[in-house]
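Accompanying notes for the structure given below.
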Amino acid sequence: MKHSHEEIRKIIPEMRRVQQIHFIGIGGAGMSGIAEILLNEGYQISGSDIADSVVTQRLVQAGAKIYIGHAAENIEGASVVVVSSAIHEDNPELIAAKEKRIPVIQRAQMLAEIMRFRHGIAVAGTHGKTTTTAMISMIYTQAKLDPTFVNGGLVKSAGKNAHLGASRYLIAEADESDASFLHLQPMVSVVTNMEPDHMDTYEGDFEKMKATYVKFLHNLPFYGLAVMCADDPVLMELVPKVGRQVITYGFSEHADYRIEDYEQTGFQGHYVVICPNGERINVLLNVPGKHNALNATAALAVAKEEGIDNEAILEALADFQGAGRRFDQLGEFIRPNGKVRLVDDYGHHPTEVGVTIKAAREGWGDKRIVMIFQPHRYSRTRDLFDDFVQVLSQVDALIMLDVYAAGEAAIVGADSKSLCRSIRNLGKVDPILVSDTSQLGDVLDQIIQDGDLILAQGAGSVSKISRGLAESWKN
């Protein structure tokens, strides 16, 4: 059954009194997506961010009122204020909202209201959730189901990270970084994997993180469905604790949706999925790496369980262009020492960096991999220091940028200089620390060779830096 946008708004009686919604940190991927959905539903949207961007400009064009910089007067007229986990308690807009007794809610609470009367599909996990969310969204779009989707990154095939559809389906990335995914009450939940990350949220206790994921899965109704990766030992440890129907996927022989015969040709993947009923489905995937085969098989499992036909699933996966900043190929460029290819990737956890390197090796053959790495958060660098040392030693040449703090205070021994020292001591690669990013192009030209693949890796400003580099190399 399909609802018009007006009908969907009418069945959210709790929000009838809400006229203007203000977002603090509206330029973030998750925040901007929800703002765009609500804007299209007819709400007045205002918001602020520390810098102008393509995202904020797009929202202005759509009708939002955007302030650059944070100030108490920015919240004037707001019925409710939405904050991201990156906003600190001393933010003047947050202080003003509390003084005026304006409700202040987390991003996930607003997403939960949008999901409340829809058929929600939520995708959680330490890695792969943005890509998996994008894949499910494109499968449902290909099946002409016109879903609403809210993703933490650009869905390239759609040209945006959020879309207000006319149907009852809502596909959303679920954020475990601050445990706010506990607000969501979907019909289907996907968990791609689980590793220690954002451990400050879980008081440094991995067992607490596991318990939180189980609680998230118990937000499903008794007739709901949990889709979990059979290759992840932590998730398989949790399955007996999940009192809901569980379907598994992966390379494991015990998976309900089992991947076989994976091959990578260039940057494309080919493999077979064995379904629970024995059906064999040949999949062509337009993005590289076994990690993406896992993401795609999670999406396939959801779609099959929800009754979508194979043709729509396979066409969507074959046409899938990737999610923004996930092995994003910026082009080939002629430099003084030869031709190189530049790729931008969001991966910022050692596991993510490792699978990106592996996919690049499989697609790039015996050519060198030159990585520009920007650590993201001092706390993550501290908590996963040894893992970073090991994985970053796998590349052929390494340029290290300063840590992108994301609002954190510096931590002694968790900076880029310390990371470089430990990598150098391991003896596999000699990293170059570049603190002044205006010098990055010159440093690269001194070390790159013909045929190199340059990976710009990280969740901070390295993407903007690499794209600026690409623009300068075009001229």
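Including glycine, each Cβ sits where the backbone N, Cα and C put it.
Automatic prediction, not curation, is the source of TrEMBL annotations.
Taken verbatim from TrEMBL:
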type	residues	note
BINDING	Gly125, Thr126, His127, Gly128, Lys129, Thr130, Thr131	ATP binding site
DOMAIN	21-118	domain 'Mur ligase N-terminal catalytic'
DOMAIN	123-303	domain 'Mur ligase central'
DOMAIN	332-460	domain 'Mur ligase C-terminal'
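Locations of recorded TrEMBL features on the structure.
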residue: Gly125; record: ATP binding site; Cβ within 10 Å: 24
residue: Thr126; record: ATP binding site; Cβ within 10 Å: 21
residue: His127; record: ATP binding site; Cβ within 10 Å: 21
residue: Gly128; record: ATP binding site; Cβ within 10 Å: 26
residue: Lys129; record: ATP binding site; Cβ within 10 Å: 28
residue: Thr130; record: ATP binding site; Cβ within 10 Å: 26
residue: Thr131; record: ATP binding site; Cβ within 10 Å: 31
Check: same-chain CB within 8 A of ATP site center, minus Gly125, Thr126, His127, Gly128, Lys129, Thr130, Thr131: Val123, Thr132, Thr192, Asn193, Asn295
